[in-house]
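Working notes for the structure below.
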Amino acid sequence: MAFDGTWKVDRNENYEKFMEKMGINVMKRKLGAHDNLKLTITQDGNKFTVKESSNFRNIDVVFELGVNFPYSLADGTELTGAWTIEGNKLIGKFTRVDNGKELIAVREVSGNELIQTYTYEGVEAKRFFKKE
């Protein structure tokens with residue numbers, strides 16, 4: 001699948017505004033914008049493993065398409081939701097445990113770039129990753 005590989009964050013678009021809308025404090029927003037996030041994605045049928053490595057944490061996230069699972073953001077925000085594939089996009093629909101509001105994440109590959117788009121409460125942000 002096109003998502004397989006190791007992806008290193010290259011740049012962000014509107015990411016601090018997104019984090020602000022999520023309620024993340026200013027210090028964590030500044031640090032989060034420079035987290036050096038690296039994603040290593042492997043797919044086996046409907047099962048994905050995403051190794052997240054950053055300045056803040058190293059975790060393995062394992063999920064199956066269409067199956068709800070719990071997930072914590074780097075700042076500790078708890079979510080529950082599922083990923084699905086629509087065309088060439090991996091779409092995550094998550095609900096915050098603390099307030100019930102929806103967070104959408106979309107991953108798509110364009111050339112040697114993985115573009116991850118987040119939408120929360122009308123604020124959209126993008127993170128661009130280069131394939132290593």
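Quick reminder: no glycine exception, Cβ is built from N, Cα and C everywhere.
Source: prediction; values computed, not measured.
Positions annotated as hexadecanoate binding site by Swiss-Prot: Trp83, Arg107. The local packing around Trp83 (hexadecanoate binding site), expressed as other Cβ atoms within 10 Å of its Cβ over all shown chains, amounts to 24.
According to Swiss-Prot, the feature tetradecanoate binding site maps to Trp83, Arg107, an assignment based on similarity to another entry. There are 23 other CB atoms within 10 A of the CB of Arg107 (hexadecanoate binding site), with all protein chains counted.
Neighbour count (other Cβ atoms within 10 Å of the Cβ, all protein chains): 13 for Ala2 (N-acetylalanine). Residues or ranges marked as N-acetylalanine in Swiss-Prot (evidence: similarity to another entry): Ala2.
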Ala2 (N-acetylalanine) to Arg107 (hexadecanoate binding site) - Cα separation in whole Å:
11
